[in-house]
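Look at TrEMBL and you will find 1-25 tagged as region 'Disordered'. Positions annotated as compositional bias 'Low complexity' by TrEMBL: 1-12. According to TrEMBL, the domain 'C2' annotation covers 30-147, 186-309, 346-477. Feature annotation from TrEMBL assigns transmembrane segment to 577-595, 607-634, 722-751.
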Amino acid sequence: MAGFLPRFGPFGPLTPPPPFDEFGIKETRPRLAGRRAGGYDLVERMEYLYVRVVKARDLKWSGTFDPLAEVKLGGHSCATRHIEKSTSPEWNDVFAFSRERIQATFLDVVVRGKGFAKDEFVGRHRFDLGDAPLRVPPDSALAPQWYHVLDKAGARAGEVMLAVWFGTQADECFPLAVHGDASIAVDAKLAAHIRCKQYTVPRLWYVRVNVIEARDVAFVDKARVGEVFVRSRIGAQVHRTKTCVSRLPSYGWNEDHLFVAAEPFEDHLILSVEDRVKVDKEEVIGHVHIPFKEFERRWDTRPIRPRWFNLVRPEGAAKIEKFSTKICVRLCLEGGYRVLSEPVHYLSDVRPSARELWHSRPPIGLIELGIHSAFGLSSMRTRDGRGSCDAYCVAKYGMKWFRTQTVVDSLAPRFHQQCYWDVHDHCTVLTVAVFHNCQVGDKGGVVSGDPVKDVLLGKVRIRLSTLETGRIYTHSYPLVSLHSGGIKKMGELQLAVRFSSTSTLGLLQAYARPHLPPMHYHHPLPIVHQDALRREAVALIAHRLGRMDPPLRRECVDHLCEVHSHRWSMRRSKAHFFRIMAALAPLFATLRWFVDVCHWRNPPTTVAVHVIYAILVCCPNLILPTFFMYKFVLGLWSYRRRPRHPWHVDTKVSHAHAAHPDELDEEFDEFPTKRAPEVVRMRYDRIRSLGARIQEMVGDVASHAERARCAMTWRDPRATAMYLLACLFLAVTTFLAPFQAVALLTGFYVMRHPALRQRLPDVPTNFFRRLPCKVDCLL
């Protein structure tokens, strides 16, 4: 028996890698939830002095100049944008100064022209900070009022409209405010990159284009045998059918093309019928532009009627006397699917595209996130001979993303921002990432003519099902960054998380529902198309978020959506392998224990096992009750050692600290590789593609094994409680019912006729797939 116990694997010995203590997690004592949901009770209250400069009028200036308003508070100053050639400019800019940094009792608002010439000074108004009121939402907004500005001689030189008040980060002006007490000068262009913002991700749809046939295809050379294909395009997404060769004027394909589109629909579908004249030459026979309003919308498997469209001859092409080529297609917007823009393991929303189906998944809770602060951040740039970092956080969940303000020039930034989301399925993941803002600098984020990408400092993933209802979790999570040079701890991020349930019954019912919408099971998408569709979905999200003000950069979207999660990595393959071995460790321990029993290494244990085995054989009706009662008691015993904090990125589970530099270089190498000649590159890419699929399969097996163990560890308290109740119910049921009847019914159920089966997964399968696994801990 000992020879069958695995000792070595494809990646070396099965001994787990040594612990990596310097990346441990710090836990603070959690508080009990007792405050109103949706407020700012998860973070500290930070007070700011807000100055809203609205406009000016009747400025006394003889010539033409570009007026602006400069706000001065002690040693801090900031200015509005300038308005060209106007004596009544309108700025409507808001400035914020941290109250703890205020060292002056007066606020000066200076109106002057663009530049620093002394003769462009118009006037000044001094505001006593002792007269500034305190405003705390939901108090109504403070109305601005006119104040006189005085020139150097003390005469009136016009009026400026101001509003000055003390408020907190809950003020609605906070996202629009320019922090005037930053260590560097903040202008209007820089302010667009450092403000906090809430983003709404567009609703994505799958677009299905079924190309059926084309008729009356005419060529200039009537004797030509056409090699015809159809090219379909939506924006940057292009697909083409196989080439059809025919002597008749009709060509058939019956192929499906799948695209991703975002609301509001801006692009059109372009269908072009093309002829392959030569190996490297293709000619367009005709094309048609189809707007999205011509598409049918469905969220089930009902058939879509085909439609005929007349093709238009391209400009400049040779004329054909009777050109009436038509193409037959089926056009459909698939609303029954959830467009997967992120890996299934990290889904933050499982609702389908069609709003008509959202009633099946009403909100069952509220997740609140408080982003406190970061500390110990690594220096990302040098200012005045010292290390500096310009950090900001991005939180992603569902269709709402939240970005904090950029804290300029600080290795211990304080954010103290709070956001919340409605939860429709608590078996989802909240992701928080910390970035270094490379747009803040002397060169404005551009080096050698190329834009500089923001640098990822680390990510935190929190699975909502692992949180107890109503409890506040306040922890410091390590920020770990992995690059081609190795692994590095970039600092720590302190978060506060609270999950509140609005429907306990909805939480329990969610474990019996399929994780994805029913269309994913009734008519599943081809595996070969899912990766390409996910990349297109991420590109669409990045394009739409990049058009907002301030834009969310493409590299942030890529990191949050895990766009590189499917690329080949020897490190990830090792991590999945060791996850499997760790999940199967109890099985191996049981086998070793049984070998010890068989060899009488512990005689009392062996005698006890013989007695128990004889009792179970003589009374088979006690086998199942004993087993389920054992699981029930073991689960209750494990309650004392239940996890006290959410999972975090673990370098030991990720197998990152022991990765070879050559493996990291391979992991961060672009695809296709540029490290070798053409033949080697082709073979290398093929091996990487095959290895990536094997890697995902091994990861799925590891996830299933970990879910089987997680049912007893109180990682998901609701799931463990339901599982223990089910074990207790089965223990009582199997005790009362005859064993032969239970075995007979079980065998009949497993071997039931296909007519009695349904395509949707059953309740135990749905419950099992919703259990958490350590994929959340992977880097």
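Note that Cβ sites are derived from N, Cα and C of the backbone, with glycine treated the same way.
Because TrEMBL annotations are produced automatically, they should be read as predictions rather than curated entries.
Because the structure is a prediction, the values reported are computed rather than measured.
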Tertiary contacts of the transmembrane segment (722-751), as residues 6+ beyond its ends and Cβ separation under 8 Å: 508, 511, 620-621, 623-625, 628-629, 631-632, 635-636, 711-712, 767
Whole-number mean of pLDDT values that fall within the domain 'C2' (186-309): 88
Other parts of the chain folded back onto the transmembrane segment (607-634), taken as Cβ under 8 Å at six or more residues beyond its ends: 597, 712, 724, 727-728, 730-732, 734-735, 738-739, 742
Counts by DSSP class (helix H/G/I, strand E/B, coil) across the domain 'C2' (30-147): 9 helix, 53 strand, 56 coil
For the domain 'C2' (346-477), the number of residues DSSP places in helix, strand and coil: 10 helix, 68 strand, 54 coil
Counts of helix, strand and coil residues, the domain 'C2' (186-309), according to DSSP: 10 helix, 70 strand, 44 coil
